[in-house]
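Peer 1: OK, Swiss-Prot features for this one:
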type     : residues : note
REGION   : 29-51    : region 'Disordered'
COMPBIAS : 31-46    : compositional bias 'Pro residues'
ACT_SITE : Lys57    : active site, charge relay system
ACT_SITE : Ser135   : active site, charge relay system
ACT_SITE : Ser159   : active site, acyl-ester intermediate
Amino acid sequence: MLSRSGLRGARLRVVSLTSQRRLLNHFITHPPEPIPPPPPPAPSSSPSPKQFTLAVKDNIATTIPGLPTTCASGILSKSYVSPIEATIITQLRARGAVITGKTNLDEFGMGSHSIYSHYGPVSQDTPPETSAGGSSGGSAVAVANGEVELALGTDTGGSVRLPAAYTGIIGYKPSYGMISRYGVIPYANSLDTVGFLSKQINPLKELIIGERGLWKEHDSNDPTSLTTAARKRCAAQRRGYRSRQGQTTELEGLKFGIPLEYNIAELDPEIRDAWAAAAKRLQDAGARIVPVSLPTTKHALAAYYVIAPAEASSNLAKYDGVRYGARDAEGASDASAGGVLYASTRGKGFGEEVKRRILLGSYTLSSEAMDNYFIKAQRVRRLVRRDFNRVFALENPLQERETFELSDLPEEVEMEDKWGPEEVDFLLCPTAPTLAPKLKGVMEQQPVDAYMNDVFTVPASLAGLPAISVPMKVATEGAAGLQLIGQYWDDARLLDVADAVAKEVRT
């Protein structure tokens, strides 16, 4: 955390890092001086919060002069200043956040490598010209380079966890509905979640489950923010964050599930070996490792890439040069024919990947495709959620526990307990199927092939579950992530256990 002298040091660091930022391209906007938190509204006997440096993904709205919100898109110019401030920005500034800038991303959060940006791709420093992951690649690089203590990202299908894995840091996606999305430019409303990136888990624990924990705060501006009554019900079913969960740091007695379906053919052998080694280390530390089955996993990625583009096509319809978006002058001068203004503005303002997903989403919502694609994808989503509920020992506090027959499970599933599937505390799997690829290779890759990077992160997003990526050791140079997934609203215990797991698997 920053003192006054630390704030002066942060100012000097901003200046010294300018050339590096140009090289790595991880910031879109960075003011000449860090922006300190606002002064308290009135004299108070309570001490001022400790300050910390914060980078903000540029699809999270800020009203601070000099910090426009661009979403890394040509359709929103750097002159656009949001009329509203995101709730999470207000909350963190009240807790001492010193904002150092807005970070680069895939346009509107659509991508897995932070290459689909109007301002150019994001690159890692070590190794050079390597993908930083996406879509929160800029935030991840800012943390990995030590420029900030904490960075904000958004996680729709893995956009915080994947960059964390590629850059060797912590990436945390809270339970859906815990953190307000108000002021976050939407990609897919039912999936978008504000996420956090850091080198340490303790700052995340302090923010989420500390004395002023964000888990307590309902935001009436966000219809997806869990109500105060629902938060109390969730906490009561978990027997209280601090009394039961917040104290558990030892691994002994915990049961981790290894999803059989995650051992896919596309999994890099080096990642597979690191996954097995991590499981062995946890077992040596007293944890129990058991196989579990999530049979709908094989359909999760396809369902995600139907649901998310469908929601995106609706959300981005307002960027037409009239209500939102920079109007194309050429199209405006020749707007006699119907739709010319819209077509010109959207055609020139949106990047190729965004246009690809808008077209895909518009088709799946059409009358001829709705039943075959969108409705079926929603059914898959319910099955994914059911699979998770079956394997976790804790119940989902927002759903009734479901009973089922053993005949529902595939014949090939092996179970230690023939009375039913193993019930586990957490699931353990890789965050990404490969190490971070070179940017050149990514840019030469077919766009649809890059969607495979989300195969391990998408299921938790579809179910709205908390998940965290921690660095794990691999045989060669490079970074890899180990993902822990918890039951809904089990965030406090997930953060505590992830802290213990990270210490075991980091070296």
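Any Cβ shown, glycine's included, is placed from N, Cα and C.
Keep in mind it's a predicted model, so treat the numbers as computed, not measured.
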Peer 1: Return the count of C-beta atoms lying within 10 angstroms of the C-beta of Ser135 (active site, charge relay system), excluding that atom itself.
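Peer 2: The answer is 35.
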Peer 1: May I ask for the distance between Lys57 (active site, charge relay system) and Ser159 (active site, acyl-ester intermediate), taken between their Cα atoms and rounded to an integer number of Å?
Peer 2: 11
Peer 1: Measure from the CA atom of Ser159 (active site, acyl-ester intermediate) to the CA atom of Ser135 (active site, charge relay system) and give the result in Å, rounded to a whole number.
Peer 2: 5
Peer 1: Within a 10 Å radius around the Cβ, which one of these active-site residues has the most neighbouring Cβ atoms: Lys57, Ser159?
Peer 2: Ser159
Peer 1: Secondary structure at the residue listed as 'active site, acyl-ester intermediate' (DSSP, helix/strand/coil)?
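Peer 2: Where the residue listed as 'active site, acyl-ester intermediate' sits, the three-state DSSP reduction gives coil.
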Peer 1: Helix, strand or coil by DSSP: which one applies to Lys57 (active site, charge relay system)?
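Peer 2: The three-state answer is strand.
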Peer 1: Hey, does DSSP put Ser135 (active site, charge relay system) in a helix, a strand, or just coil?
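Peer 2: Reduced to three states, the DSSP call for Ser135 (active site, charge relay system) is coil.
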